[in-house]
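Report on the following structure.
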């Protein structure tokens, strides 16, 4: 943190900013005292205008990492895009330290182009485009070593500068694990727009559910409607003996029980299929390639439940 | 950082859910089994898993004149733990903090905990290369940090994120003790066929590519992994997971 910031800074958006004793000697005291820091963020208006053509905004959340947020994001987008060619789907990856979507969609070598109307996303299909910080890195080894404020500025820029086209039916936002800067910023920026909701992904074991309950608590605290919970990697069918087993045991009843306890809808379970992981690594469209897999059937069911909940919201 | 700590080991990964907390706890339990005194500092503020894994939920942190007293797993005080999980009211409570608040809290964790003669302090981190990591790195510069263990799973999507963590360590001058490939294959409990759920050998080739030590592969075995609060080398000494962890513990004690 900037060593010039006083230890007991009340925060620039506080009503006492610039006026308390801790502000004495702070180089920004005059700016804070003038009240400009408390005016509404001018970017919010720009953002509202930019996203006015977006019908539904869906955040994909999980308190836990590695449960399949990016995989589910890609499957949700692919299913929605395949269902109806007239519908446009946009996907935004705000996992700034670990962007996975360019790889999962098989477009990791693409570049972002800039036009007069903003940044152009990368098109995976005619009606499916994505934007990720991964496109902005020079090499895939590059680490983005940023503290919160810089990440927030990047997210704001993504929301205000990307030109998603004339209309977008769904904007799906893939998030990093946790309940911190990225999540707070997204909620802060998008809360003023309509049709804003979240879907939560988990795996069946308690160590994951423990973190996901925290994410649901976060959603409740900030007033973000939850469309439902998806349980990923739930059962595994051995390719040799065809016997089903639980890789990550539901030691506390799994996601269905947790959803019931937390009072949110349960959207369904996705069985673990090793070919899905392989498709993600290769950027192949799993829904098309393995159309008969029980995993695809389960995902289509979940998307159906999800869109139904979206309509009734 | 108190002078009572002899070695510090960071457990990191760019990717979430790869088993950082499992590696942290098993490593600590393994070192304790060898007679060392250990501490685990859990700096994953949004998703602390260590109290659950060690069956220490609902325990409380106490304060003494010298600082915060960690929660000990038993009376021998050979393994102490400090996690934000001990400070929240309910296990479902979310910690919704932005970076500066996380930074301040981690600084406090690094300076104010009263570790009593700890041989190995293991710091379990959240995924990513952001506030938590920068803060830890900046504040242990003067401390006896052996380096970082990077945990990954075998598939490309995890490896890509771990490469970024490797770059982070190199940029910030943290030595890399090695890479562990976790969830490498699943043994069917019915027919014992081993399936590579998330492909295989990715961690090994990553270690070769970056010329850092490869510490071994750890398979998924639900029979073993259900007992998280005991060292796998003691509960299931014959299992492949135990063999892997035994060699990892030895490598940590004798790095060369």
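Cβ coordinates come from backbone N, Cα and C, glycine included.
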Per TrEMBL, A:23, A:26, A:32 bind [4Fe-4S] cluster 1; matching candidate in A:9, A:97: A:9
Residue A:65 (ATP binding site) versus binding-site residues A:23, A:32, A:241 - nearest by Cα: A:241
Candidates A:64, A:66, A:68 (binding-site residues) - the one closest to residue A:9 ([4Fe-4S] cluster 1 binding site) by CA: A:64
Cα-nearest neighbour of residue A:67 (ATP binding site) within the listed binding-site residues, A:23, A:26, A:32, A:241: A:241
Nearest-integer angstrom distance between the alpha carbons (Cα) of residue A:26 ([4Fe-4S] cluster 1 binding site) and residue A:238 ([4Fe-4S] cluster 2 binding site): 64
Proximal to chain B - binding-site residues among A:64, A:66, A:68, CB under 8 Å: A:64, A:66
Count of other CB atoms lying within 10 Å of the CB belonging to residue A:63 (ATP binding site): 27
